[in-house]
Amino acid sequence: MLAQGLSHIIFNASNKEDFERTLIFYKSLGFKSITDSPEEDTRVAWLKLASTVSIKVILTASAIPQRKPAGDTDWSLEEHALAFSINNIDAVKSKLKELDAPDQDHSDKNSTKLYVLDPLNNIILLTNKPAILKATSAAAAVETATASGKRQKIAVLTSGGDAPGMNAVVRAVVRYGITKGCDIFAVYEGYQGLVDGGDLLKKMDWKSVRGWLAVGGTTIGTARCMPFKTREGRLKAAENLVLNGIDALIVCGGDGSLTGADLFRNEWGGLVDELLKTKRISQEQANAYHVLTIVGLVGSIDNDMSSTDITIGAVTSLHRICESVDAVSTTALSHSRAFVIEVMGRHCGWLALMAGIATGADFVFIPEKPPKEEDWESLMCSVVERHRHLGKRKTVVIVAEGAIDKNLNPIKADYLKDILTDRLGLDTRVTILGHTQRGGAPAFFDRLLATTQGLEAVDAVLEATADTPSPMIGMTDNKITRFPLMKAVALTHEVAEAISKKNFARAMELRDPQFAEEYEAYHATTILDDCSLGLPAHQQLRIAIIHMGAPAGGMNAATRTAVRYCLNRGHTPIAVNNGFAGLARGSMSEMTWMGVDGWTALGGSELGTNRAVPGEDIDMGMVTYQIQKNNIQALMIVGGFEAFVAIEKLEASRDQYPSLRIPITLIPATISNNVPGTDYSLGSDTSLNAIVNSCDAIVQSAQSSRRRVFVVEVMGGRSGYLAVEGGLVVGANTVYIPEEGINLGRLQSDVEHLRAMYTDDDPDKSEGRIILRTEDVSKTYTTEVISDILKEEGDEMFDSRTAVLGHIQQGVTPSPLDRIRATRLATRSIQFFEEHTAEALDKAHESGSPVPIELTNSKASVTVAGISGSAAIFTPVTDLLPITDMKNRKPRNAWWAEHRPIIDMLAGRGHFKIEK
Ligand code: ADP
């Protein structure tokens, strides 16, 4: 007998009589009780049929009884039936007669097809023909794993240094793998688990990975495994895989682990031959497992892998570093101290450089780009001294653990401390951050990266052929990619090699392009902030900076960098207070280097922000008058959708007002991420981290008290970005977003899904669940109404509560990614102003004319400064209008829409079902 394509089925009985009759029914079909104990659980029973399918029958008062199909309808036309292919059908028939089970015979001359009702009113098809499978039921949404119908067995392991997000990888692989009809095994303790086998190889089910998204490190363990570095160890690993029937391996680890994986795959054929020759496996096994599919995922806090822009864990680590540097900064400031902070990175300076940018450090040392100067000590001292003379009371120097000078001599934290103490007389302390950098709950970005890459890894396994080179899952230009593992490993090793040969240009080339750009920007704004990059006087501009809309993390960081870079180039940065309302009143002042000190880490808006749009709420004439009166020659706006409307109005008013013929950029800053022309707006990452932290706390509370579903309201206006991205990384049950709306049918199906999940839960456990709802999704189905409906429908089974996150979502301290994006877009905006004014200014200068009011009237000079993939791009507002939904205040297409279906899939939609 065989229930094709299924591994287990769950039935819910609403009363004891049905529960017992169901057990008798299935036992008559040949199912055997799994627990032979005389004191069998009287509420949950597991039955198994041979080695194939098992049935779980649960007695639960709140189960929804199944409708009995009418006897006079054709059961073969019913949508849901469970099919068993069976050899001795007559013997089973007579047993069913004894039970008096209703049936319909649809046999024809080719096959027997008997439809029977089980005591719970499920339609069961008994047939002697294996090919007949029309059934869908309970777990039948499961697709068969391979075309041949053989269930693919995939093992997943985490290896090398642990990285936050590894658990999210395992969760995604397990759940998506199960959805795809695969058996998923977790290998505990990294490669050691493969070598030792036994209990270290565990079959995972849907619930094994509950709650793993929020947990740092790796729950299945990792280890440095020396035996795997030997052929004997790998032979043992191969034997364990074959004996357990596993034909695919997903490895999440750093370059060492992936080097091992690559070697293992290359040797596989030889290992299997040897196992056969030494009779450790049979000929059939050797035939069946002659190919091993391996897929690599990069879990590494250092971001040291080539061929991917970012690795799993790096962003969380950067969070920990920035938190530490921010904390140390306050004590440094109090005592006027210097701190040398050592961060991880043996061959890679990503963490050190990004931390330097995000915290506004005075100097950074990284392995791939040693100081050019022989006497770098004096350079560092002159930079620090200059910053001190400008008024700084604190000094922060960040050094990667693998930092070197250009002669490959290590640059160590203690040595730096001695120099700062001896030469500058600074009270200097060393802080080595060490393992704190690995710890803690994964940040939003890592949860998202790990989840989407985990899904891609499973797809890569299922699509692999014997000839496919093992892929490494990466991310380039904000897109999940597959890259040959072998090549990625080779390129990564080349970085270390290039450094050892002092070929630093090659080492930088092998990093992602953004890394070099960020390094240059940091150098230009911090090391060379001695006005050595100053422009000729006639090209120096008066640049106004204005904040608009609601506060968003990164607004201050963008302003700080713009001010510092302006001063370095000889421009005059002018702060406008309180948005366009302030501009119309002429509320503005020149900014100074010290005036923006410490702003990278400040949330909110130091300039003051306002939603008033010129031409709508504010008189355009007053705005242009003030621009002309204060001789503003370029305008940098940091703001959200109102600011997008504002630049559109400014562009449209240029015909009328010559003083608007200046370059204008908008750096998108809004937690809703609804400004066209960018993948990310400043503040959205900070906000998602705030949402993640709040939701983790809410789920914990829900779990601790009783079975409770929280409906959490998030911001976003008419855009579902926060709900979708937040929902995906907190493991929400579902999300309600404006793009989809809500209706009764949807609510009903969500209630059913929740009931199915709570029915399947361990009765003695209280599981907390969470649903995210965008504030503007519906006027009728408010957060309260939805929660009340859930409460009512949950009856005894579960309760519901609401949580409105409100302004908590703006976050306190901007996240590192928002700070880095802010810094980048601000520097690029100032450069953009220079490019768009040089021609007019040079012309006037050459002809000896006065500086004109009109510097540019090109449409390309009023733009949104955005991030597209890994590039910073400037798109004219006139080009963005056709792709903008002005009514709903967002771009017409959203790149993140593809994440929406993943939420329901990973929440078990299709896996947990109560059929009616
Ligand atoms: P990471 O993956 O974080 O770089 P390691 O370099 O310590 O960490 O590697 C983790 C594990 O991967 C090692 O303990 C070993 O089991 C395996 N491994 C690393 N390099 C190799 C190799 N060259 N050959 C075989 N296995 C290796």
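Every residue gets a Cβ built from N, Cα and C, even glycine.
Annotations in TrEMBL come from automatic prediction, not curation.
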Residue among GLY161, GLY165, GLY345, GLY349 sharing the ATP site, where TrEMBL lists ARG224, CYS225, GLY254, ASP255, GLY256, SER257 as binders:
GLY161
Same substrate site per TrEMBL - residue from ARG337, ARG423 joining SER300, ILE301, ASP302, MET344, GLY345, ARG346, GLU401, ARG429, HIS435, THR436, GLN437, ARG438:
ARG337
Validating a neighbour-count step here. Other CB atoms within 10 A of the CB of ASP302 (active site, proton acceptor): how many?
27
Near ASP255 (Mg(2+) binding site), which residues of its chain come within a Cβ-Cβ distance under 8 Å, counting only those 6 or more away in sequence?
SER300, ASP304, MET305, VAL489, THR492, HIS493
Grab the pLDDT values for the region 'N-terminal catalytic PFK domain 1' (1-527) and give me their mean, rounded.
88
